[in-house]
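Okay, structure first, notes after.
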Amino acid sequence: MADTMLPDAPAGPVAVDVAAWPASLAEFAGPARAALPPEVWDFINGGSGTETTLTANRAALDRVAVLPRVLTGVDRPRTDAPLLGRAQAMPVAVAPMAYQRLVHPDGEPALAAAAAAAGVPYVASTLSSTPIEEIAAAGDQVWFQLYWLRERGMVADLLDRVHAAGCTALMVTVDVPILGRRLRDVRNGFALPPHVTAANLPGGRNDLAHQGTPGVSAVSAGAVFAPALSWADLEWLRGRTPLPLLIKGILDPRDAVRAAEAGAAAVVVSNHGGRQLDGAPATVTVLPEVVAAVGERCEVLLDSGVRGGVDVLRALALGARGVLVGRPMLWALAAGGRAGAEAALALLAAELRDALTLTGCADPAAARQLRTLTGG
Ligand SMILES: Cc1cc2nc3c(=O)[nH]c(=O)nc-3n(C[C@H](O)[C@H](O)[C@H](O)COP(=O)(O)O)c2cc1C
């Protein structure tokens with residue numbers, strides 16, 4: 001929990017040919033859209049219901065104004081910062097996202113390798129389209145995201161594999177008792193193509209997710225999660241794994257406190273990128289309350305709508321330790337495979353360095369002392 005930099009801070013993103021790639025993370029969306037079938041584009045980018053929360057995430061981030069400090073004598077800030085007590089090249093991790101072979105044949109191993117090259121953690125989804133063992137071999141720090149499967153025995157088997165594969169943290173997603181109603185997928189009758197399977201599940205797939213029916217999202221119909229997850233299950237998990245636990249999908253400060261008391265090393269303030277409860281608040285609007293509630297008891301990370309270095313700065317200034325980045329990483333993977341994803345992460349690091357320089361911060365820890373205004 002110390003703000004001091006650890007001595008073994010990684011070097012940071014590898015040099016990439018910046019001229020070959022878009023000038024901002026958001027601009028990776030263009031080539032990605034051109035490369036993807038429309039229904040896959042919709043699956044990635046859609047939110048639930050009226051997409052009110054999806055839109056609110058971005059709007060709320062844009063309303064956070066950060067007050068720069070001046071005359072601080074900072075020349076070239078460091079971007080490295082610890083997450084879960086381990087030095088990272090920047091306070092960023094690649095968010096868990098299902099079925100990455102939908103967007104590029106190299107899928108999860110390519111994105112995990114790009115994260116490793118950038119010196120940041122990659123979070124592998126339970127619903128990865130590549131087995132966790134292969135992802136862990138391609139990456140460096142691979143965290144595993146757990147969706148609670150209906151049978152506890154299946155969860156236990158998965159945990160054994162996650163431990164054996166060398167994953168370094170476990171992120172439990174708690175905002176998916178069912179999948180949100182994603183109307184784009186419903187209208188498209190979206191189903192997974194045969195070559196994209198849930199490679200970590202027994203039998204290698206969830207059959208229903210492949211059965212296209214007009215007016216039905218097969219991905220939703222094929223969901224295999226236990227809806228009635230409770231704090232008692234988390235206690236069982238705590239006793240079942242030595243890995244640090246992150247609880248993802250927290251919005252209410254009372255739940256954040258409860259998670260910290262249950263032994264979580266971190267909570268992720270997330271509304272799943274606007275894909276679950278439509279009408280949930282934008283994450284930056286609840287972040288300060290969550291940070292105040294948990295204090296030093298655990299780390300607080302944020303996701304949903306982060307699209308650049310200034311957004312990382314905003315989250316830090318509002319008290320987060322770091323952020324997860326979701327869709328832009330899929331756009332970059334779709335646009336250019338591993339090289340595209342490396343370029344996107346290098347760009348994010350460069351943007352963060354610029355944002356720190358412009359606010360007079362020597363490092364991300366200093367950014368957590370900045371003041372913000374909202375609504376103006
Ligand atoms: C295509 C897609 C698949 C996702 N799959 C998962 C998943 O398997 N597990 C999970 O915890 N979150 C999943 N998420 C949510 C992300 O981890 C993250 O919370 C969200 O994408 C952050 O918002 P952003 O995309 O605006 O950055 C998914 C998001 C997208 C866009």
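Each residue, glycine too, has its Cβ placed from N, Cα and C.
For 17-376, the entry in TrEMBL reads domain 'FMN hydroxy acid dehydrogenase'.
Counted within 10 Å of its Cβ, the other Cβ atoms near R327 (FMN binding site) come to 21, all protein chains included. Reduced to three states, the DSSP call for R327 (FMN binding site) is helix. Annotation source TrEMBL lists FMN binding site at 96-98, S125, Q145, T173, K248, S270, 303-307, 326-327.
Annotation comment: TrEMBL describes Y147, R182, H272, R275 as glyoxylate binding site. Secondary structure from DSSP puts R275 (glyoxylate binding site) in coil. Of all Cβ atoms in the shown protein chains, 26 besides its own fall within 10 Å of the Cβ of R275 (glyoxylate binding site).
Per TrEMBL, active site, proton acceptor is recorded for H272. Non-local neighbourhood of H272 (glyoxylate binding site): T173, D175, V176, G180, G249, S304, each in the same chain, at least six residues away, with C-beta under 8 Å from its C-beta.
Ligand 1 lies under 6 Å from the Cβ of the following binding-site residues, listed in sequence order from R182, H272, D303, R307: H272, D303. With respect to their backbone Cα atoms, P96 (FMN binding site) and Y147 (glyoxylate binding site) stand 11 Å from each other. Neighbour counts were taken as the number of other C-beta atoms within 10 angstroms of each residue's C-beta; across the binding-site residues P96, G305, the minimum falls on P96. Within the same chain, the residues at least 6 positions away from Y147 (glyoxylate binding site) whose Cβ sits under 8 Å from its Cβ are S125, T126, L127, T173, V176, V224, F225, listed in sequence order.
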